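First comes the structure, then the notes that go with it.
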Amino acid sequence: MCESRPFNSQSMVATLTSTPPSFLPLWGKKLPTFNPTQCLGTGKEALEISSNEYIKTNTTGFPEKGISTRPGTSSTPRPPRPRRIILVRHGESEGNVDETVYTRVPDPKIDLTEKGKAEAEAEECGWRIREMIEKDGANDWKVYFYVSPYKRTLETLRHLGLAFERSRISGMREEPRIREQDFGNFQDREKMRLDKALRLRYGRFFYRFPNGESAADVYDRITGFRETLKADIDIGRFQPPGEQSPNVNLIIVSHGLALRVFLMRWYKWTVEQFEGLNNMGNGNLIVMQKGYGGRYSLSMHHNEEELREFGLTDEMLIDQEWQKIARIGELNYDCPMVNSFFPHFEDEGCIT
């Protein structure tokens, strides 16, 4: 008889508190220090002055080839994963308060409102992130930013960044693949209202706006970004040369739908589960925090009530609890979605 256990947050807490220290990675080797604010010149100069072994030991110029993918190999071990991946939606934009703006201003050039810029949203979000990081008690923490090239996300990052001095910022990258869903250039207000009504009938994930994108199209480019992000994590590209700190926090400043699609892709949520998610508020954040086995879980930072408000179902919550203790590379063979998808499993005594 197979049996899927119901969601029980108290039992999971008991499990986590008894998790052995062996879940935590050990990074005993201390590498030479390097000034994180130093600007490098040409690629050749960067290689010459870098004390980062992942570059120095790799004569091909591709640090990925010096990374070990299996235990027991002689290659350089993987750098520590970032402590968090923090997803931030841009502050309130002019389009959020006046939809007619889309008829005369290109979507990528729409700015934040004064409320979106000020302490109420973008800047306040930065201080919230800093407070969260400082509670870790680490002295060597840093942040690295990925940002959509739209004006409202760039402005959000500029104001969010006021919470961090230069020595705390290890770098940033403008990333077009995490831009807003394309709605079709300049928008006709009445036609857009009709299109959005049709989207509700057709399905929020598959409906493609005329001359624009569907959420499924966004999923495809977010998949490409996810692969780049995972490669950056694996080689520690956001680590200043010579440093191997586990206290780096990645911050992705993007748009509501793009961030929901990113979570859908990362956690392999279904279309139905995606369509049940609620949008994040302007200037709000979702935190993916590294769990006891090295995987990222929303439940490490957020409580059950917050995740249910975002739209997570019982099955999704159970999976997030599993993510907290699972090791990198493990699969959840007791996935509750399998039991609930196949009705004939009820005859075998499976609890869905």
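Glycine too: its Cβ is placed from the backbone N, Cα and C atoms.
Residues or ranges marked as active site, tele-phosphohistidine intermediate by TrEMBL: H90. Around H90 (active site, tele-phosphohistidine intermediate), the same-chain residues six or more apart in sequence whose CB sits under 8 Å from its CB are L112, G116, A122, S148, Y150, R152, T153, E155, T156, V253, S254, H255, N282, G283, listed in sequence order.
For E180, the entry in TrEMBL reads active site, proton donor/acceptor.
The substrate binding site annotation in TrEMBL covers R89, H90, G91, E92, S93, E94, G95, N96, R152, K191.
The annotation region 'Disordered' is assigned in TrEMBL to 58-82.
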Say we define neighbours as other CB atoms within 10 Å of the CB. Which of the binding-site residues R89, R152 has the fewest?
R89
Proximal but sequence-remote residues of the same chain as G95 (substrate binding site) (Cβ under 8 Å, at least 6 apart):
V101, Y102, V105, D107, I110, R152
